[in-house]
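K.L.:
Below is a structure I'd like to ask you about.
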Amino acid sequence: MPFACIVWLKLVSFAHTSFDMRAIAKSIDKENAPSISLNADNSYDANFKSLVYFMVAPTLCYQSSYPRNASIRKGWVVRQFVKLVIFTGFMGFIIEQYINPIVQNSQHPLKGNLLYAIERVLKLSVPNLYVWLCMFYCFFHLWLNILAELLRFGDREFYKDWWNARTVEEYWRMWNMPVHKWMVRHIYSPCLRNKIPKGVALLISFLVSAVFHELCIAVPCHMFRLWAFIGIMFQVPLVVITKFLQNKFQSSMVGNMIFWLFFSILGQPMCVLLYYHDFMNQKGKTESK
């Protein structure tokens, strides 16, 4: 399902960018503007070869050409791949040894004792945080760089220092740069061009993100609970709150602490418990039939 979403995002970018490039090509009048000419960056040259390269490149935003490296560092690729295998195994170890026992010995967080549910969430937060950080390192730092190196793809800005984000808005701008650039280019900026207020454009961007997060969980699990959707949309008030606090206490990291508390310590473990118990309940009802 994530792969299907990635393909869809890439095709949307290809269609939008090709449309814009055709519009640019048609708008240039050589007689009235002889000094303007199409260069490699804005000429319309959509062909099958460029589409194939774009579909496998570690980016979601199409353009006719990308910065390319001169060669492939084979030894570097091998070292990164070894790291990828090691940290993937480490993730599996944490899941099997720590997360699975905690989840299996828990109750549904919305149907049991409140204090017990809080204790389970806090106990799950530490191993869940380790898995989340390993997943980030494996995918954004190792896999995308390996793919970029094999394709000689020059733009390696897959993330920024999101762990230092002072507001939730900063986190979403720095955590996943390929998706962030796609959102800005194909959702946020078109909204602004159509005179939609910035706040509404931001809300629409989060809405699109929430839909894709829910799809990536609901479709593989064959259940529709909206927990991921609600979790993403809950980021909108957190954006407002952390931005207000950052403006009020400019020298503090209160927004960063709120981000780590609600997103990593409470939010993700709660979603894990909710989806696990809903999935097991659904599975039990299906087997009983």
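Any Cβ shown, glycine's included, is placed from N, Cα and C.
Model, not experiment: these values are computed from the prediction.
Feature table excerpt (TrEMBL):
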type	residues	note
SIGNAL	1-17	signal peptide
TRANSMEM	81-99	transmembrane segment
TRANSMEM	129-151	transmembrane segment
TRANSMEM	200-220	transmembrane segment
ACT_SITE	H213	active site
TRANSMEM	226-245	transmembrane segment
TRANSMEM	257-276	transmembrane segment
K.L.:
Output, ordered by sequence, the same-chain residues six or more apart from H213 (active site) with a CB under 8 Å from its CB, or 'none'.
P.N.:
A228, F229, G231, I232
K.L.:
By Cβ distance under 8 Å, which residues at least 6 away from the ends of the transmembrane segment (200-220) in the same chain are close to it?
P.N.:
1-2, 5, 179, 183, 187-188, 191-192, 226-233, 235-236, 239, 275
K.L.:
Please give the sequence-distant neighbours of the transmembrane segment (81-99): residues at least 6 beyond its ends with Cβ less than 8 Å from one of its Cβ atoms.
P.N.:
124, 127-128, 130-131, 134-135, 137-138, 142-143, 146, 272
